[in-house]
Amino acid sequence: MDFLNALVAFANFVLVPATAYGAQLALGALGVTLIYAVLRFSNFAHGDTMAFGTMVTILVTWALQAAGVSFGPLPTALLALPFGIAGTALMVLGTDRLVYRFYRQQRAKPVILVIVSMGVMFILNGIVRIIIGPGEQNFADGERFIVTAGEFRKMTGLSEGLAIRSTQGLTIVTAVIVVALLFWFLTYTRTGKSMRAFSDNEDLALLSGINPERVVAITWIIVAALATIAGVLYGLDKSFKPFTYFQLLLPIFASAIVGGIGSPLGAIAGGFLIAYSEVMVTYAWKKVLTYTLPDNLAPDGLVQLLSTDYKFAVSFVILVIVLLFRPTGLFRGKSI
Amino acid sequence: MAEPFLIGDRMTGGYGGADILHGCTVAVEKGEIAVIVGPNGAGKSTAMKAVFGMLNIHAGAVRLNGEDITRLSPQARVAKGMAFVPQTHNIFTSMTVEENLEMGAFLRRDDISGTIDEVYRLFPILKEKRRQAAGELSGGQRQQVAVGRALMTRPSVLMLDEPTAGVSPIVMDELFDRIIEVARTGISILMVEQNARQALEIADKGYVLVQGSNAYTDTGRALLDDPEVRRTFLGG
């Protein structure tokens, strides 16, 4: 019974939240990795692209709520999501036309594009704060829980409860659907294959008659969709705050690089690896250990390896280790 | 005399700095094999790239079937029926053999399965490995993928930049046999070769370039028999 309680406590505080967080990071890292594979630079503006998409979605959500529209037990934000994606797609395509295309035509080095993307990041940062403000926004509505801790305790008779929030369930289901669609697209469609060909060997893709501007535009649209979905899921699960999204850049890049930048499969693996590490290192294990260890060994302290304030250090350490010992990442990155 | 099917006529130009080609002419007739040979740095690959539009020539012209194509981009030349196999990086390594062929036919909107079957008939090993990533194949097989990819547009001219670089002599002979077979289907072949002697043996026409100009031009056989060419380029 104690063991079951320990398992439930572990699932409640580590497994479920980390899986949801991992799915959000994976979606974010997929966007970074696609840009890297096709446009060949690390897009520092990705966190703020997520913030922008989430902002548009929130504004549309508010409009829908004001008009009295709701999505039953599901959050209204899901109805607003297509608008958010469309708005973000227009924004990134506009940025590409105004900014990145110029440097592409100059055949600028990747490092220059990275700096350019930082410029875009600061501008987006400002735009989002001007429009929606720097404060925190909660926009989740609908049913709060799939299973509450109380219901779970009543159902199983255990003393530990397992709560699954509907946003967590939603995150995982959405992530699975989105990833499946993306892989289907990249593997089987003509356009998806041309993206992979372009990423693999740009010159040969040109010789084969693949239009680079079209590949670039489609990549941006997919990235806009991924960023908006990742941002909205994160915002529903936690809350929306522009600065938090800017900070997400670090774990997202860590995920992409740990998995092998340019490899979509790696981005997913990296997302979960970073999320589990971050949650496990900052979780106070006292409860789980009290259940599993004999009484005389029960810990007095919290058994928390790092305070949650230091959670970004976890991404950093993993990043450094991977770059030292396996710079191409777990899945041998570089081309999709 | 009628003009050859494809001709790079008295081309002069380079990559932007000093000229590499000086009034160099290369040409190929319908369904024939023309081979460009010469010492290192003679501008063999450059001549080939000039014919394909990958560098600017400021004098001379390139004509395909009588049409002046000097100002067309390489992509536009592909649409005109020219295909080019670069010396290196000539396959999509992370994609399967079949996907490589599909990408070769990217410009075509019609059914490509017939052409894929033709390529498999020409290179049976590719059919066996069609689900394998092209980057995992041996050097000779990769060259077959590269040639197969170029054939997917059903070109009238196939240009090969050192197709046998880095493959074993046995594989080289086999590749040459396949190239002859391609030529028999009516496709003109223009290629640059390091293995001058073997290449001239299968060539209808041979061009010996020295420092960006034509030194000798004749049929492959005649060049092989020319004592001067043998002494200076073929090592006796």
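Using N, Cα and C of the backbone, Cβ positions are placed for all residues, glycine too.
Sequence annotations record features per position, and here TrEMBL assigns transmembrane segment to A:20-39, A:51-71, A:77-99, A:111-132, A:162-186, A:215-236, A:305-325.
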Item to check | Range from A:77-99, A:111-132, A:162-186, A:215-236, A:305-325 with most C-beta pairs under 8 A to the transmembrane segment (A:20-39) | outcome: A:215-236
Next on the checklist: Out of A:51-71, A:77-99, A:162-186, A:305-325, what stretch is closest in contact terms to the transmembrane segment (A:111-132), meaning most Cβ pairs under 8 angstroms?
Outcome noted: A:51-71
Item to check | Distal contacts, the transmembrane segment (A:51-71) - CB-CB under 8 A, six or more residues away | outcome: 77-81, 83-85, 87-88, 91, 124-125, 127-128, 131-132, 137, 139, 141-142, 224, 227-229, 231-232, 234-235, 240, 242, 245-246
